[in-house]
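S.K.: Pasting a structure below so you can have a look.
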Amino acid sequence: MNDTSELIMVAMSGGVDSSVAAMLLLEQGYDVAGVSLQLKSNNEPYGNGYNLKLINRAREVAAALGIPHYVVDLSDIFSQRVIADFCQQYSQGRTPNPCIRCNYYVKIGALLEKIPDFNAGYLATGHYARVLSDENGTHLLKGADEKKDQSYFLYTLPPESLSRLIFPLGKRYKKDIIRLADKMKLPVSQKESQDVCFIPDGDYKSFLATRMGFTPGKILDKTGKILGEHQGLPLYTIGQRQGLGLASNEKLFVSDMNPEANTIMVASHDQLYTSRILLSNFIWRESRIPLDTPGMIVKVRYKAAPAEVKKISQTGDFYLLELASPVWAATPGQAAVIYLGDMVLGGGIIEHGGDVA
């Protein structure tokens, strides 16, 4: 984008990344305004005070930068699209990634629909990712800082959204962003963002307990032998070892959950490795790149080490991902995001890891 006369709305959380993103755009001569999201209704018991604290901090940063600051209430769509799905997924023994849905539906999706109300043409965020536009279209790329790259959380964004997005931090490194914030004495928090912003204390159990009941059930081994009792599927995730309450000479981990039977299966560490993963809601962003292109890698969790993709094939409404080497604890509900070099090719939601019929 070269037209500095068109207003850019910067999604501001009060954190260092979005604050420096706004500052960098100002330094480049752009017309900038800040916008923060009201994501909690007044009757929401969890996280409302935390959300208001962030909004107030963003307002302070905007004042320090000398730019207008606005608040947009997206609490309804956030509740419907993010929190409700989060709870539903956990009730089924899955482990969702709410940030991906939030970016698609709320923080980017819904906010892009709002910015014309402010006569703005673009939305900027503090994500560590890049957008490349060329004769083949608009592409999503990793951020330059591999340790902070957030393209994983953005893989569902359509090209028409990417074409209106600006990522000022895409070519920068976190250490430099912190240095810039200190140099400009911006009133921001240096703490990393919460994994799940609507559970700022990290107490998933208490959060879920306000929205659903927990039904105890059996813990089984691979042979079907009953080893113990679990306290409710939402309290567990694939790969979990702590909190099982099992007396065993072998280290056992949650390997599978059956919501219909309300059972949890456990297995040894090595038995959680798989080189076959079934994906739903599959997205392929780059139609010009075949599914059998060599050199593709996949991340099955945000912090997971990448694994080489051997083959992608369609099976009914799903896609089967076959890997050159196994990954550990492929978790239903998490996203598997596929890359070729720095480019995000697509991905889907993990339904099952292991032998797929």
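Each position is counted from 1, following the chain as shown.
Backbone N, Cα and C atoms are what each Cβ position is placed from, and that goes for glycine too.
Under the heading ATP binding site, Swiss-Prot lists Ala11, Met12, Ser13, Gly14, Gly15, Val16, Asp17, Ser18, Leu37, Gly126, citing sequence analysis as support. As annotated by Swiss-Prot, active site, nucleophile applies to Cys102. Positions annotated as disulfide bond by Swiss-Prot, on the basis of sequence analysis: Cys102-Cys197. Look at Swiss-Prot and you will find His127, Gln334 tagged as site 'Interaction with tRNA'. Positions annotated as active site, cysteine persulfide intermediate by Swiss-Prot, on the basis of sequence analysis: Cys197.
What's the neighbourhood like for each of these?
M.R.: Around the Cβ of Asp17 (ATP binding site), 24 further Cβ atoms fall within 10 Å across all displayed protein chains.
DSSP gives Cys102 (active site, nucleophile) a helix state.
There are 27 other CB atoms within 10 A of the CB of Cys102 (active site, nucleophile), with all protein chains counted.
Same-chain residues at least 6 positions away in sequence with a Cβ under 8 Å from that of His127 (site 'Interaction with tRNA') are, in sequence order, Asp17, Gly143, Gln150, Phe153, Leu154, Phe167, Leu169, Gly170.
Under 8 Å, Cβ to Cβ, and six or more positions away along its own chain, Gln334 (site 'Interaction with tRNA') finds Thr95, Pro96, Asn97, Val300, Arg301, Ile349, Ile350.
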S.K.: Which residues of the same chain, at least 6 positions away in sequence, have a Cβ lying under 8 Å from the Cβ of Ala11 (ATP binding site)?
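M.R.: Long-range Cβ contacts: Ser18, Val35, Ser36, Leu37, Lys107, Ile108, Leu111, Leu123, Ala124, Thr125, Gly126.
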S.K.: Under DSSP, is Asp17 (ATP binding site) helix, strand or coil?
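M.R.: DSSP assigns Asp17 (ATP binding site) to helix.
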S.K.: Have a look at the recorded positions Ser13, Gly15, Cys197 and say which one has the shortest Cα distance to Cys102 (active site, nucleophile).
M.R.: Cys197
S.K.: To the nearest whole angstrom, state the Cα distance for the pair Gly15 (ATP binding site) and Cys197 (disulfide bond).
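M.R.: About 12 Å separate the Cα atoms of these two residues.
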S.K.: For Leu37, Cys197, listed as recorded positions, tell me which one has the smallest number of other Cβ atoms within 10 Å.
M.R.: Cys197
S.K.: Could you give the Cα-Cα distance between Cys197 (disulfide bond) and Ser13 (ATP binding site), in whole Å?
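M.R.: Cys197 (disulfide bond) to Ser13 (ATP binding site), Cα-Cα distance: 11 Å.
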